[in-house]
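Swiss-Prot annotations:
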| type | residues | note |
| --- | --- | --- |
| COILED | 206-230 | coiled coil |
| COILED | 306-377 | coiled coil |
| COMPBIAS | 231-241 | compositional bias 'Basic and acidic residues' |
| COMPBIAS | 257-268 | compositional bias 'Acidic residues' |
| COMPBIAS | 269-286 | compositional bias 'Basic and acidic residues' |
| COMPBIAS | 304-347 | compositional bias 'Basic and acidic residues' |
| COMPBIAS | 359-371 | compositional bias 'Basic and acidic residues' |
| COMPBIAS | 404-418 | compositional bias 'Acidic residues' |
| COMPBIAS | 425-437 | compositional bias 'Basic and acidic residues' |
| COMPBIAS | 457-472 | compositional bias 'Basic and acidic residues' |
| DOMAIN | 11-166 | domain 'PPIase cyclophilin-type' |
| CARBOHYD | 109 | N-linked glycosylation site |
| CARBOHYD | 201 | N-linked glycosylation site |
| MOD_RES | 2 | N-acetylserine |
């Protein structure tokens with residue numbers, strides 16, 4: 001166990017949780033997990049965890065809390081959004097008493113946290129470890145798991161955090177926020193689930209059969225009387241002082257269809273109304289109903305007519321807008337054409353200031369006329385291009401054939417066709433390789449060891465060297 005403590009980095013920060021199971025001291029790794037520690041300390045300073053329950057208990061694994069709603073799906077961080085995970089190579093889920101952030105996925109940390117009750121290697125690199133339980137308070141932490149739980153890992157009587165106290169805050173710049181505490185819709189007694197009722201074992205009693213029969217009869221009577229208000233007639237059927245005849249009999253007869261506000265006052269006079277008067281009243285009511293229905297039908301028809309008229313008016317407005325746009329476009333086009341024509345006229349009417357401008361304008365008109373003669377893109381345009389190419393080829397071959405090779409005229413700047421008959425000639429600057437024995441400025445020095453001259457020279461030099469050695 002000591003090697004585990006040696007591997008873990010030193011802590012920097014301490015918080016005390018006061019729970020219904022006892023006090024729990026938590027030391028924080030604020031350098032290794034700064035975001036998680038800052039979030040936890042600030043929520044403790046803001047009393048965010050006060051009166052929150054430990055809503056999830058997995059025996060031998062974890063105890064989870066920190067959700068103000070108590071459902072396991074609530075809680076927010078101080079950053080206003082889930083913050084990222086912070087993993088460290090020296091912090092592993094290898095023992096009990098570690099405090100880590102609970103999340104629903106990667107980088108989804110909020111306010112919920114959990115204590116480990118044992119080794120949990122499957123949680124490594126999935127949850128951020130930011131603290132550990134120290135001292136004897138680890139036994140109070142273990143008491144949090146000693147509760148009855150249901151199939152959803154929710155305790156029947158969960159422990160809760162009464163208050164939090166920050167003993168050492170490594171973050172001096174934390175400013176607690178003012179959080180409005182939500183009012184609980186139900187009192188705490190109603191939120192807590194009741195313990196399951198025990199079943200009665202009548203076989204242990206000497207009068208068990210009689211007690212069981214009485215219990216069944218009571219249950220049957222309570223089920224039959226459940227949800228119904230009973231009078232003394234229902235409960236005391238054998239009482240001779242109670243009459244079984246109702247006090248007031250309901251009068252059978254046709255009641256009028258419409259009743260006015262003064263119904264109670266006119267009830268006494270209804271008995272004296274003759275049959276003819278009743279028939280007249282019914283006819284009046286029927287006529288009135290017919291008028292109402294016809295008025296409703298008429299109003300519905302008028303509404304449909306109004307809708308049709310509105311839709312027709314909208315269509316007319318759209319058509320008017322479209323026509324207006326077309327007129328504006330035509331007008332703008334007309335103005336542009338008029339401006340172009342005026343510009344052309346002004347160019348024609350203006351006298352050329354000098355010969356160069358006049359020549360430029362003539363050339364421009366010439367090429368514009370040629371451009372107008374050109375056909376549009378397509379097969380005809382391609383045919384025209386091929387015809388021009390063939391014409392140029394024939395012209396080039398004709399110019400070469402007419403000009404003899406010896407009599408090549410010099411090209412002139414103004415002659416556009418002189419270059420067609422010109423022949424390109426280059427100066428021969430190649431150097432000749434001659435014999436190595438001949439000394440010439442234009443020859444290259446070539447050394448070939450197989451050359452007989454070079455062989456003789458080598459033999460003579462060897463002979464001279466031998467003679468020198470002998471003389472010594």
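Residue numbering: from 1, along the chain as shown.
Using the three backbone atoms N, Cα and C, a Cβ is placed for every residue, glycine included.
In the three-state DSSP reading, residue 109 (N-linked glycosylation site) counts as strand. Under DSSP, the residues of the compositional bias 'Basic and acidic residues' (457-472) split into helix, strand and coil as follows: 15 helix, 0 strand, 1 coil. Long-range contacts of the compositional bias 'Basic and acidic residues' (457-472) within the same chain, counting only residues at least 6 positions beyond its ends with a Cβ under 8 Å from a Cβ of the stretch, are absent. In the predicted structure, the coiled coil (206-230) carries a mean pLDDT of 67. Per DSSP, the secondary structure of the compositional bias 'Basic and acidic residues' (359-371) breaks down as 13 helix, 0 strand, 0 coil.
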